[in-house]
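Engineer: Annotations for this protein, taken from Swiss-Prot, read as follows:
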type	residues	note
DISULFID	26-115	disulfide bond
BINDING	27, 29, 31, 48	Ca(2+) binding site
DISULFID	28-44	disulfide bond
DISULFID	43-95	disulfide bond
ACT_SITE	47	active site
DISULFID	49-122	disulfide bond
DISULFID	50-88	disulfide bond
DISULFID	57-81	disulfide bond
DISULFID	75-86	disulfide bond
ACT_SITE	89	active site
């Protein structure tokens, strides 16, 4: 669920998902249209695509289980659908961490008019 995603981002990337990623670029926080503006926005685009492939449960609401083993996140496999959600969130959190250096404040809270291009396929 979204609260778990926030906690996972904090654990992996060391920053708040709500503060840093809830309104960034064309895909972080608002659903998504257009083309990703940078590597961070692409993390959100890929995350949106990943959530789009989850059909048997609700990625924004359903609870999943994971553990941390020497800093690595391990999604539990008790329920295949919630494991999928966990894997989506884990990949995004790692992507945010790996692209911290490219984060650009100019993409924070950009007007949606800047996101009108046709979206690329997932």
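Placement of Cβ uses the backbone N, Cα and C atoms for every residue, glycine included.
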Engineer: Taking every protein chain shown into account, which of the recorded positions 48, 89 has the largest tally of Cβ atoms within 10 Å of its Cβ?
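Structural biologist: Selected residue: 89.
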Engineer: Since the record lists 44, 49, 75, 86, 115 as disulfide-bonded residues, which of them has the fewest other Cβ atoms within 10 Å of its Cβ?
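Structural biologist: Comparing Cβ neighbours within 10 Å for the disulfide-bonded residues 44, 49, 75, 86, 115, 49 has the fewest.
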Engineer: Of the recorded positions listed here (27, 29, 31, 89), which is spatially closest to residue 50 (disulfide bond) when Cα positions are compared?
Structural biologist: 89
Engineer: At the Cα level, what's the spacing in Å between residue 75 (disulfide bond) and residue 27 (Ca(2+) binding site), rounded?
Structural biologist: 24
Engineer: Rounded to the nearest angstrom, how far is the Cα of residue 57 (disulfide bond) from the Cα of residue 29 (Ca(2+) binding site)?
Structural biologist: 20
Engineer: Can you grab the distance from residue 44 (disulfide bond) over to residue 27 (Ca(2+) binding site)? Cα atoms, rounded to a whole Å.
Structural biologist: 5
Engineer: Using DSSP and collapsing to three states, where does residue 28 (disulfide bond) fall: helix, strand or coil?
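Structural biologist: Where residue 28 (disulfide bond) sits, the three-state DSSP reduction gives strand.
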Engineer: Looking at the recorded positions 26, 27, 48, whose Cα is closest in space to that of residue 122 (disulfide bond)?
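Structural biologist: Out of the listed candidates, the nearest Cα belongs to 48.
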Engineer: In angstrom units, rounded to an integer, how far apart are the Cα atoms of residue 49 (disulfide bond) and residue 88 (disulfide bond)?
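Structural biologist: Cα-Cα, rounded: 9 Å.
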